[in-house]
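**Q** The structure under discussion is supplied below as C-alpha coordinates; questions concerning it will follow.
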Amino acid sequence: MGKVFVCDHPLIQHKLTYIRDKNTKTKDFRELVDEVSSLMAYEITRNVALEQVEVETPVTKTTCHIVSGSNKLGLIPILRAGLGMVDGMLKLMPTAEVGHIGLYRDPQTLQPVEYYVKLPTDPTQRELIVIDPMLATGGSAIAAIDLLKKRQCTRIKLMCLIAAPEGVAAVQKAHPDIDIYVAAVDEYLNDHGYIVPGLGDAGDRLYGTN
Ligand code: URA
(Lines of atoms letter the chains of each structure in order from A and count residues from 1; the text may use other names and numbers.)
(Lines give C-alpha, C1' and ligand atoms only; values in the text may rest on other atoms or scores of the structure.)
Protein backbone atom coordinates (compact mmCIF):
# COMPACT_ATOMS: atom_id res chain seq x y z
CA MET A 1 0.00 0.00 0.00
CA GLY A 2 1.25 3.48 -0.88
CA LYS A 3 2.06 5.69 2.08
CA VAL A 4 0.46 9.01 3.04
CA PHE A 5 3.09 11.55 4.06
CA VAL A 6 1.68 14.45 6.05
CA CYS A 7 4.17 17.30 5.69
CA ASP A 8 3.81 18.64 9.21
CA HIS A 9 6.75 21.06 9.23
CA PRO A 10 5.75 24.03 11.43
CA LEU A 11 6.21 26.52 8.59
CA ILE A 12 3.88 24.50 6.36
CA GLN A 13 1.26 24.29 9.10
CA HIS A 14 1.58 28.00 9.87
CA LYS A 15 1.09 29.02 6.25
CA LEU A 16 -1.71 26.50 5.74
CA THR A 17 -3.68 28.19 8.53
CA TYR A 18 -3.65 31.49 6.61
CA ILE A 19 -4.48 29.64 3.38
CA ARG A 20 -7.58 28.21 5.07
CA ASP A 21 -8.69 31.58 6.48
CA LYS A 22 -11.59 32.94 4.38
CA ASN A 23 -10.35 36.49 5.02
CA THR A 24 -7.06 35.83 3.20
CA LYS A 25 -7.22 37.74 -0.08
CA THR A 26 -6.30 36.31 -3.50
CA LYS A 27 -2.79 37.80 -3.69
CA ASP A 28 -1.79 36.51 -0.25
CA PHE A 29 -3.55 33.18 -0.87
CA ARG A 30 -1.56 32.68 -4.08
CA GLU A 31 1.74 33.62 -2.43
CA LEU A 32 1.10 31.32 0.52
CA VAL A 33 0.23 28.38 -1.76
CA ASP A 34 3.43 29.09 -3.67
CA GLU A 35 5.50 29.08 -0.47
CA VAL A 36 3.90 25.92 0.90
CA SER A 37 4.49 24.23 -2.45
CA SER A 38 8.21 25.01 -2.22
CA LEU A 39 8.35 23.64 1.31
CA MET A 40 6.48 20.50 0.25
CA ALA A 41 8.82 20.11 -2.73
CA TYR A 42 11.63 19.91 -0.21
CA GLU A 43 9.87 17.00 1.53
CA ILE A 44 8.84 15.16 -1.64
CA THR A 45 12.40 15.19 -3.02
CA ARG A 46 13.96 13.86 0.19
CA ASN A 47 14.97 10.56 -1.46
CA VAL A 48 16.09 11.88 -4.84
CA ALA A 49 19.24 10.09 -6.02
CA LEU A 50 22.58 11.90 -5.81
CA GLU A 51 25.78 11.46 -7.75
CA GLN A 52 29.35 12.36 -6.88
CA VAL A 53 31.17 15.23 -8.55
CA GLU A 54 34.61 16.70 -8.08
CA VAL A 55 34.77 20.41 -7.32
CA GLU A 56 37.62 22.70 -6.56
CA THR A 57 36.92 25.08 -3.69
CA PRO A 58 39.19 28.10 -3.21
CA VAL A 59 41.09 25.85 -0.78
CA THR A 60 41.29 22.37 -2.30
CA LYS A 61 39.78 19.75 -4.57
CA THR A 62 36.96 17.75 -3.01
CA THR A 63 34.20 15.27 -3.79
CA CYS A 64 30.63 16.51 -3.33
CA HIS A 65 27.13 15.49 -4.40
CA ILE A 66 24.61 16.83 -6.85
CA VAL A 67 21.17 15.56 -7.83
CA SER A 68 21.75 12.76 -10.30
CA GLY A 69 21.27 13.75 -13.93
CA SER A 70 19.49 10.45 -14.50
CA ASN A 71 16.81 11.42 -11.98
CA LYS A 72 14.59 13.45 -14.27
CA LEU A 73 11.47 14.96 -12.75
CA GLY A 74 8.14 15.86 -14.29
CA LEU A 75 5.47 17.98 -12.63
CA ILE A 76 1.90 17.28 -13.76
CA PRO A 77 -0.59 19.84 -12.46
CA ILE A 78 -4.25 18.97 -12.92
CA LEU A 79 -5.92 22.05 -14.41
CA ARG A 80 -6.75 24.50 -13.17
CA ALA A 81 -6.01 24.59 -9.44
CA GLY A 82 -2.86 22.47 -9.76
CA LEU A 83 -1.21 25.36 -11.60
CA GLY A 84 -1.08 27.32 -8.36
CA MET A 85 1.48 24.91 -6.93
CA VAL A 86 3.82 24.67 -9.92
CA ASP A 87 5.98 27.78 -9.59
CA GLY A 88 6.71 27.11 -5.93
CA MET A 89 7.95 23.64 -6.83
CA LEU A 90 9.95 24.85 -9.82
CA LYS A 91 11.88 27.17 -7.53
CA LEU A 92 13.44 24.09 -5.93
CA MET A 93 13.52 21.87 -9.03
CA PRO A 94 14.08 24.29 -11.92
CA THR A 95 15.00 21.62 -14.47
CA ALA A 96 11.77 19.64 -13.99
CA GLU A 97 9.54 19.61 -17.06
CA VAL A 98 5.90 20.52 -16.59
CA GLY A 99 3.07 18.58 -18.24
CA HIS A 100 -0.61 19.44 -17.91
CA ILE A 101 -3.74 17.36 -17.54
CA GLY A 102 -7.16 18.96 -18.02
CA LEU A 103 -10.19 17.01 -16.81
CA TYR A 104 -13.86 17.89 -16.47
CA ARG A 105 -16.63 15.92 -14.89
CA ASP A 106 -19.26 14.61 -17.33
CA PRO A 107 -22.58 15.89 -15.92
CA GLN A 108 -24.39 12.65 -16.87
CA THR A 109 -21.92 9.99 -15.79
CA LEU A 110 -20.07 12.18 -13.22
CA GLN A 111 -16.89 10.56 -14.52
CA PRO A 112 -13.77 12.67 -15.26
CA VAL A 113 -13.19 13.26 -19.00
CA GLU A 114 -9.81 14.39 -20.45
CA TYR A 115 -9.92 17.63 -22.44
CA TYR A 116 -6.21 18.44 -22.49
CA VAL A 117 -3.10 16.28 -22.04
CA LYS A 118 0.47 17.36 -22.70
CA LEU A 119 3.12 15.37 -20.89
CA PRO A 120 6.84 16.06 -20.35
CA THR A 121 9.23 14.55 -22.90
CA ASP A 122 10.18 10.92 -22.13
CA PRO A 123 7.51 10.65 -19.42
CA THR A 124 8.29 6.97 -18.81
CA GLN A 125 11.88 7.89 -17.88
CA ARG A 126 10.82 10.44 -15.26
CA GLU A 127 9.63 10.55 -11.73
CA LEU A 128 6.23 12.25 -12.14
CA ILE A 129 4.52 14.32 -9.46
CA VAL A 130 0.79 14.77 -10.03
CA ILE A 131 -0.30 18.02 -8.40
CA ASP A 132 -3.79 19.00 -7.27
CA PRO A 133 -4.33 21.16 -4.17
CA MET A 134 -7.53 19.41 -3.05
CA LEU A 135 -7.89 15.62 -2.89
CA ALA A 136 -11.67 15.49 -2.45
CA THR A 137 -13.41 12.43 -3.97
CA GLY A 138 -10.14 11.39 -5.58
CA GLY A 139 -11.82 11.16 -9.02
CA SER A 140 -9.48 13.56 -10.83
CA ALA A 141 -6.31 12.24 -9.22
CA ILE A 142 -7.29 8.64 -10.00
CA ALA A 143 -8.08 9.57 -13.62
CA ALA A 144 -4.78 11.45 -13.99
CA ILE A 145 -2.80 8.53 -12.59
CA ASP A 146 -4.78 6.08 -14.81
CA LEU A 147 -3.86 8.19 -17.82
CA LEU A 148 -0.15 8.20 -16.91
CA LYS A 149 -0.08 4.47 -16.25
CA LYS A 150 -1.81 3.82 -19.60
CA ARG A 151 1.17 5.61 -21.15
CA GLN A 152 3.56 3.24 -19.32
CA CYS A 153 4.64 5.73 -16.64
CA THR A 154 5.52 3.88 -13.46
CA ARG A 155 7.23 6.32 -11.09
CA ILE A 156 4.34 8.50 -9.93
CA LYS A 157 3.66 10.46 -6.74
CA LEU A 158 0.61 12.54 -5.82
CA MET A 159 0.96 15.89 -4.08
CA CYS A 160 -1.96 17.83 -2.59
CA LEU A 161 -2.37 20.58 -0.04
CA ILE A 162 -5.40 19.14 1.73
CA ALA A 163 -6.97 15.70 1.44
CA ALA A 164 -10.30 14.31 2.61
CA PRO A 165 -10.06 10.82 4.13
CA GLU A 166 -12.50 9.70 1.42
CA GLY A 167 -10.12 10.88 -1.31
CA VAL A 168 -7.12 9.20 0.28
CA ALA A 169 -9.05 5.91 0.56
CA ALA A 170 -10.23 6.13 -3.06
CA VAL A 171 -6.71 6.74 -4.42
CA GLN A 172 -5.26 3.97 -2.24
CA LYS A 173 -7.94 1.55 -3.53
CA ALA A 174 -7.46 2.46 -7.20
CA HIS A 175 -3.68 2.91 -7.07
CA PRO A 176 -2.23 1.08 -4.07
CA ASP A 177 1.32 1.69 -5.32
CA ILE A 178 1.15 5.50 -5.17
CA ASP A 179 2.59 7.59 -2.32
CA ILE A 180 0.54 10.67 -1.42
CA TYR A 181 2.08 13.86 0.01
CA VAL A 182 -0.25 16.31 1.76
CA ALA A 183 -0.02 19.20 4.20
CA ALA A 184 -3.16 18.00 6.02
CA VAL A 185 -5.79 15.26 6.03
CA ASP A 186 -9.05 16.96 7.01
CA GLU A 187 -12.24 15.64 8.59
CA TYR A 188 -14.63 14.71 5.77
CA LEU A 189 -16.18 15.58 2.43
CA ASN A 190 -19.54 17.37 2.67
CA ASP A 191 -22.62 16.81 0.46
CA HIS A 192 -21.46 19.56 -1.92
CA GLY A 193 -18.10 17.88 -2.48
CA TYR A 194 -16.15 20.35 -0.32
CA ILE A 195 -13.48 19.22 2.09
CA VAL A 196 -14.33 20.17 5.71
CA PRO A 197 -12.85 22.32 7.17
CA GLY A 198 -10.80 22.71 3.95
CA LEU A 199 -10.20 26.07 2.33
CA GLY A 200 -13.18 26.42 -0.02
CA ASP A 201 -12.68 26.23 -3.78
CA ALA A 202 -8.93 26.24 -4.40
CA GLY A 203 -9.22 27.35 -8.05
CA ASP A 204 -11.53 30.25 -7.23
CA ARG A 205 -9.36 31.39 -4.35
CA LEU A 206 -6.18 31.20 -6.46
CA TYR A 207 -7.63 33.09 -9.41
CA GLY A 208 -10.10 35.44 -7.73
CA THR A 209 -13.17 33.90 -9.40
CA ASN A 210 -16.29 32.55 -7.73
N1 URA B 1 -12.09 21.19 -4.70
C2 URA B 1 -11.86 22.34 -4.04
O3 URA B 1 -11.36 23.31 -4.61
N4 URA B 1 -12.20 22.40 -2.74
C5 URA B 1 -12.76 21.39 -2.06
O6 URA B 1 -13.04 21.51 -0.87
C7 URA B 1 -12.99 20.18 -2.77
C8 URA B 1 -12.64 20.10 -4.10
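A Cβ is built for glycine as well, from the same backbone N, Cα and C atoms used for every other residue.
TrEMBL does not curate its annotations; it predicts them automatically.
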**Q** Please state which member of Asp8, Asp201 TrEMBL lists alongside Arg80, Arg105, Asp132, Pro133, Met134, Leu135, Ala136, Thr137, Gly138, Gly139, Ser140 for binding 5-phospho-alpha-D-ribose 1-diphosphate.
**A** Asp201
**Q** Measuring CA to CA, name the entry from the binding-site residues Ile195, Asp201, Ala202 that ends up nearest Asp132 (5-phospho-alpha-D-ribose 1-diphosphate binding site).
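**A** Considering only the listed binding-site residues, the nearest one is Ala202.
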**Q** With the uracil site defined by Ile195, Gly200, Asp201, Ala202, which remaining residues of that chain have Cβ atoms positioned within 8 Å of the Cβ centroid?
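**A** These residues sit around the uracil site: Pro133, Met134, Tyr194, Gly198, Leu199, Gly203, Asp204, Arg205.
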**Q** Could you tell me the mean pLDDT over the domain 'Phosphoribosyltransferase' (6-209), as a whole number?
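**A** Per the prediction, mean pLDDT sits at 96 for the domain 'Phosphoribosyltransferase' (6-209).
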